[in-house]
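For ASP44, the entry in TrEMBL reads L-glutamine binding site. Under the heading ATP binding site, TrEMBL lists VAL212, SER287, GLY288. Feature annotation from TrEMBL assigns domain 'Glutamine amidotransferase type-2' to 1-132. The site 'Important for beta-aspartyl-AMP intermediate formation' annotation in TrEMBL covers GLU289.
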Amino acid sequence: MPGDTPSEQPIVGAGLSVVCNGELYNHAAIKAGSPLQLSNNGSDCAAIIHAFHKTGRNLSEACAMLDGVFAFLMSDEECVYVGRDPLGVRPLFYGYTQEGHLLFGSEAKSIVDVCVRVEYFPPGSCATIRMIDGRPQPFKPQKYYTVPPHADRFVTQEQAQTLIRDMLVSSVEKRLMGNRHFGFMLSGGLDSSLVAAIATKALKHKPVAFSVGFEDSPDLENARHVAQFLDIPHVVHVITPQDCLDIIPEVIYALETYEPAIVRCGIAHYLLCRHIAQVSDVKVLLSGEGADELFGSYAYMQKAPSAFHVHQEIHRRLALLHQYDVLRSDRATSCHGLEIRVPFLDKKFIDLVVRLPPQYKLQPQRVEKHILRAAFEDWLPREVLWRSKEGFGEALGKHDLGEIVNAHCNTIISDKRFAARHALFPDRTPETKEEFWYRELFEKVYGSDRMGHIIHTKVYRTAAWQLEEKENHTETPSRLAPARADEVLRLRRRSTGSTTLAGVA
């Protein structure tokens, strides 16, 4: 658990048994006044049974009561109960075997070899699965949480800034519970630096900042500047282009995807997490994931026709986060025995920011995320607080990671092999040799027949205002000027970024 009590699972009591991957920040409040006596009641995850009891065994209400990130299975003599946190920060997959047995796993790789087909359990959903003679009955996940659809919080920008500051500070502080040695993935960019600044003020013991990048990366210098400003220890992991190329097969296996936007960002993230596990006793990391989606700060979003269209795209991107950045974040950390916490994706903070007037997020004469920056004036060095920088794929150093990978792919994939890509991969056919290589690596360890359908691709190619068709559209949208996939990827990441290759936010 996030405290001092060992978290032995399953947690048992009141005729129920629960296993959970997650952290529940309001567990003490939920347990207060409850008459239940549970095994390992000190665990934060014990709050799931208490919430279920308090709501009269209403699973949807119980899940909505939980403040945190979680993927759990709970059971009694008749049913299995399943729940996943609002945005899917914690992963959960399921599938049926040939014999009709139902399996769940935190990673697709844990069940893919024995299931006919793997599905992801949707974020913000729960399900009650009746068991008859030991056989699971058909079930349908029920939504208990949706991102607020309307921007209906009409406040001034000054009031909004105060609310943003107070809510983000609260979000960070609640994630500092437990007697742990905390660390940060510090890129030197806005999002990770804000999380580090807030947490450093709140912690009694100094946390450690970790950054990664090429030796000549300007973002490493920015990260050092932030660490010096906050007066916290700073560990820099310098990597080489060859390190990045060598680790890609391992990254694709860990991340369970071939989507280039995730793989490229996952390379440095994975290398940094491996280094943290090797050289430190830090087990809990705080990250700036989700800020770009919430504030609509990706470069293509800042080119939207109107603020209303930005609001639409924010909704679309948040709904897909569990297949993109939070998937990468969870996989790159958990496979190295680390835990990631993401304050920007706090349920209350999401509800606040999404409901703010959309014109506060699209201000053409101002730098992206202006309202967030203004909310934290004096919390960071001014040159960090107000600078706009390139994102994860472009900030490793003077060398562009995309160019490095593309050059490598040109040496290992012949034009003849690439020309056969439509026959090899008729579904979501690779458009570049980089994508072709990633897809080959993925097929070697997983294959698309059982789990390819759960991989979302080209999120940066299908903005809400550009498509009226379904998500994974295979053609270039008619209102989006044709561009090479690597160019579009670069556009997608160029922003303040929740991640950079000089660090991971």
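The backbone N, Cα and C atoms fix where each Cβ goes, glycine too.
Nobody curates TrEMBL annotations by hand; they come from automatic prediction.
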Task = Sort the residues of the domain 'Glutamine amidotransferase type-2' (1-132) into helix, strand and coil with DSSP and give the three counts.
result = 26 helix, 46 strand, 60 coil
Inquiry  = What does the structure give for the C-alpha distance between GLU289 (site 'Important for beta-aspartyl-AMP intermediate formation') and VAL212 (ATP binding site)? Integer Å is fine.
reply    = 16
Request  = For the residue listed as 'L-glutamine binding site', identify the closest of the binding-site residues VAL212, SER287, GLY288, judging by Cα separation.
outcome  = SER287
Key: Protein Cβ atoms within 10 Å of VAL212 (ATP binding site), excluding its own   = 32
Inquiry  = What whole-number value in Å do you get for the largest C-alpha pair distance within VAL212, SER287, GLY288, the residues recorded as binding ATP?
reply    = 15
Task = Report, as a single number, how many Cβ atoms besides its own are within 10 Å of the Cβ of GLU289 (site 'Important for beta-aspartyl-AMP intermediate formation').
result = 30
Note = The number of other Cβ atoms within 10 Å of the Cβ of ASP44 (L-glutamine binding site), counted over all protein chains shown, is 26
